[in-house]
Amino acid sequence: MEFSDLIRTGRAQAKLLRGPEAPPLRGTLCLTGHHLLLSPGPQATSELWLLLLRSVDSIEKRVASDSGTITLRCKDLRVLQLEIEGVEASLDIARSIEALSSLESVITSFPFFYRPKGLRLGDAWHFHPPERYYKRVARETNAWRLSEVNEDFSVCPSYPRAVIVPRSVDDGALARSARFRQGGRFPVLSYHHAPSGTVLVRSSQPLTGPQKRRCAEDEELLRAVLAGARPGARGFIVDTRSSQAAKQARMTGGGTEAKTAYPGWKRLHRPLERGQPLQESFVRLVEACGDPQQSTDSWLRRLEGCCWLAHVKEALSTACLAAQGMEREGACILVHGAEGTDSTLLVTSLAQLILDPLSRTMAGFQELVEREWIQAGHPFQLRCAHSAFSHARPKHEAPTFLLFLDCVWQLGRQFPLSLEFGEGLLLALFEHAYASPFGTFLCNSEKERCLCEVRTRTHSLWSGLNQPKEQRKLRNPLYAPNPLAIWPSVELQSLRLWQGLFLRWIRPPEPSEVAWEKVWQIVTDKEKTKLSQPTVSASEPQL
Amino acid sequence: MSRDAHPPTDARRRAAGGGQGRRGRRGRALEGAERGPGAKQPGNGGGARSPRVSRMASAPTSKYNSHSLENESIKRTSRDGVNRDLSETVPRLPGETRITDKEVIYICPFNGPIKGRVYITNYRLYLRSLETDSALILDVPLGVISRIEKMGGATSRGENSYGLDITCKDMRNLRFALKQEGHSRRDMFDILTRYAFPLAHSLPIFAFLNEEKFNVDGWTVYNPVEEYRRQGLPNHHWRITFINKCYELCDTYPALLVVPYRASDDDLRRVATFRSRNRIPVLSWIHPENKTVIVRCSQPLVGMSGKRNKDDEKYLDVIRETNRQISKLTIYDARPNVNAVANKATGGGYESDDAYHNAELFFLDIHNIHVMRESLKKVKDIVYPNVEESHWLSSLESTHWLEHIKLVLTGAIQVADKVSSGKSSVLVHCSDGWDRTAQLTSLAMLMLDSFYRSIEGFEILVQKEWISFGHKFASRIGHGDKNHADADRSPIFLQFIDCVWQMSKQFPTAFEFNERFLITILDHLYSCRFGTFLYNCESARERQKVTERTVSLWSLINSNKDKFKNPFYTKEINRVLYPVASMRHLELWVNYYIRWNPRIKQQQPNPVEQRYVELLALRDEYIQRLEELQLAGSAKLAEPSTSPAGPSPMMPHVHTHF
């Protein structure tokens, strides 16, 4: 199939409205396989305007006698309006955008064509392989090994090739444990907390089913987890479903760990919202934020009705629970829900941010996202197929990753010095997770990425972001390394709506950017005074 | 709330986390006493869910201190915490005398009962824990107390049911339990009543006994002639009049007024008869370029019969004509329309179209002092002692506090916009012109004139629009007065400061002062340590010789300005600030309204400020070094790096990757 087949009209005269603040643009609209361009004409001073078609979430078209208006709602929550001359042309363009923005084929997507100057293919892809994190763990403890049991993705299709497992458990046992876990996601190491000698482990639910099946190898694996931790360590299983939901899961072959089968482990249920209800919460919130006739006196009630902040609170407090278990009580923690690819990752990644100072650095956070979300098999392609504007009934969409970013933002707000990165990085990750010229967030798992040769044929977002010119808007100028755990206040009174994201396109250009710039200036000045005595950046993670 | 619900584990946990690293460690030593039990423990909300938590309930110290007023000595005390010698451990201001001390049980709403010794002076109530595992300190100026009640009787059963319940004006209550035998509480009740409510006992307010000395005299901050001169007054159209020198024209106005050049003193006297409490329209602020003005006054005395007054009508027209370009004078009546109509019944009213041809009247729908008082009461209900958990946002909404803030800000934005556009001069009034009017004029001036956004400028603004123009601080706050239910009390000034805080959140670089400055002002609004907010009007202050006999709050602040500075501040001339007054962009001022609750306490602002200050110091050092280099003749290095590319707006990625 050729893109040109889908392009009914390639060009038209149009006016673009970009919201109340930006002035409208006039010019020639061009449609290519991946982009919508507006060329302002030779005499105009403004630059070429460009939109990745993949970032269009929904299209609305209206026609008048001799023109048409297309409203494009983007996945980054922007709303754009195109006024196009000619009814036919506008309808054709709308249909073309519709077709091109919803192409499902991965290998014809833009990242496979994107060849920016200054970047080399293959750069930074091996920046954060599991081997790299294992080296760090191996320096801290001898109880874990790197297993390549999943080398060909046959044991668990959503795991990476290499995973970190207890040294005393052999690959055969792992494979059998995998058969006892949904999707083959047997318990693997997520994080080793060296100060307390405890570990964070994640998996999917055990397939106990109505007959309460057991699996000796799975039990052995969890026993080995405790045996490898500090002497006398107990374990907590944080199930991200309610105990009722966990029980019900048995009817469909799932379930949860039976007390008697896993001595030393105690189960805690911390239900987190997921899937469709979470997506609906996101949609309602975006709707409320974008409502032009905001009935002002019910805004707070409406915000509460969206439940988004309640989800943020639950996610953060569950992560605190897991982190507290390790740091304060010296216990090992296993986190899982059902599939172990959504709220499980939310909890494990947040718990690491709370405990691990390295994960709060620029490189460390990128490594965390790569390791705990991308390689851990969060199905980005399914979850982020649509953002909050799609009219289609959500199937697999859920803003779990966005919820994670929001929680990180809340942490950054409460600990303004402790994160090396700023809001800019979180906004960039949100945008790129939903639509990106880079390959990093493509596909649902390492296996799919291998099949599509994503690594060799697309550029990594990390190499894009780590270019010097991007740094100023991504980093936190006030960062000062903090060796301690950061315990957030999870009360609703301490949480805020993330205005920088949800009201980003509604509020006038933010003066906070001015403040940001000022701090940068001060910091840059400081660095200049230090030029004579170059020091190693404290932010380099010692992995 | 029992102690078990917040095991000390949390305190340590929070303390460790709240500290922001190395700085935090140092901070912990100095400020450990300020840190509370921290975040609600996520696992023990449901008690049984996290089995380990209760076991650890015997872990060490929960340090927590409820004071917030500036007082260095307190920090010193809480650091060692062992020295029980009264003279050394209880902070005392010059002029402060000790009255009594007593052993009590402080019923902390967050940590349960704590045995302590309470020291009462003529200025404060100071409590220190006697328990070895708690370093709790309370330091409460008696001026903050609004009501003292006895709880329980001689026959009351149950632990800690007999004692005192003290309601404070700053969003908290203090409860003390005492021993039942021997009327032990009568003493404490009598002494507290006496010194917290000196007016009822013919005692002086503490400000008159305070002998503190500062190296700056805050009373010299505001000089009306200088302030009007700064605004370019007098000019061809506006003159300064001393007609109110002895407060004969209007006893609640300042001595010095700015009025239209073309209005004679006789005109003013005749206008005064038609304005409630003789508060005639006078100039508050003039636009430096377009010469439109903000004028303030009280409501006209129209009454049921619809009276008119030719002098008043003419006077308003004269005001309009001070700027030839404008055809209409805009009148903003701060009240809701219905209230303005209702005021006719008591002789008041508003300017009708018939009588004032060249004026346009708009109502701003801001409610009266009683509505504001009730609204704040509801806020307290949902934040103290326990924060409303289940429906926080809708509970907050039902207090309407933020909605009132929104209306006040919206009104001020309209005033500022009219004046800044040069389309019209603006006259602002409500009923008496000392509550809502002061809010609107001062906020509009803050938006229009960057001078008022500096520390001294803000002090001048408060001194001018609030203190000198007769906002009834004594009645609204009830300094030293025992009538806690007085209908005249209302948090109008607090609401104004809240609006300022909202603006400072939206424009983080526009204000020279920080949050601590605003909280300090509010603390001393009640404390009675300074004379600044005492009495209802200038004439009363003059009779009491307040400036001679008391210390100004601005002395405290201006002698230690660095503490109150916003390191982001960028001085800008002529920038008009229009805050977004939509509910989405307003938030509850958690650091003020919920500051007593240690669980809500957010990241300490101190490390952040500390870091800013460090950065600023480094920058200064850099600039200084640069100057030295310049002096040395190194021309190449002389370009200061003050021109980085403008703030890069966060454009969507595709724009930059073509």
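Yeah, the Cβs are placed from backbone N, Cα and C, and that goes for glycine too.
Feature annotations, courtesy of TrEMBL:
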COMPBIAS  B:1-13  compositional bias 'Basic and acidic residues'
REGION    B:1-89  region 'Disordered'
COMPBIAS  B:59-68  compositional bias 'Polar residues'
COMPBIAS  B:69-87  compositional bias 'Basic and acidic residues'
DOMAIN    B:218-593  domain 'Myotubularin phosphatase'
BINDING   B:ASN368, B:ILE369, B:CYS430, B:SER431, B:ASP432, B:GLY433, B:TRP434, B:ASP435, B:ARG436  substrate binding site
DOMAIN    B:399-461  domain 'Tyrosine specific protein phosphatases'
ACT_SITE  B:CYS430  active site, phosphocysteine intermediate
REGION    B:634-658  region 'Disordered'
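Recorded features from TrEMBL, shown on the structure.
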residue	record	Cβ neighbours (10 Å)
B:ASN368	substrate binding site	17
B:CYS430	substrate binding site	29
B:ASP432	substrate binding site	19
B:TRP434	substrate binding site	26
B:ARG436	substrate binding site	29
8 Å Cβ shell about B:ASN368, B:ILE369, B:CYS430, B:SER431, B:ASP432, B:GLY433, B:TRP434, B:ASP435, B:ARG436 centroid, substrate site members excluded: B:ALA334, B:THR437
Reduced DSSP assignment, B:ARG436 (substrate binding site): helix
Largest CA-to-CA spread of substrate binders B:ASN368, B:ILE369, B:CYS430, B:SER431, B:ASP432, B:GLY433, B:TRP434, B:ASP435, B:ARG436, angstrom: 12
Predicted model, mean pLDDT over the domain 'Myotubularin phosphatase' (B:218-593): 95
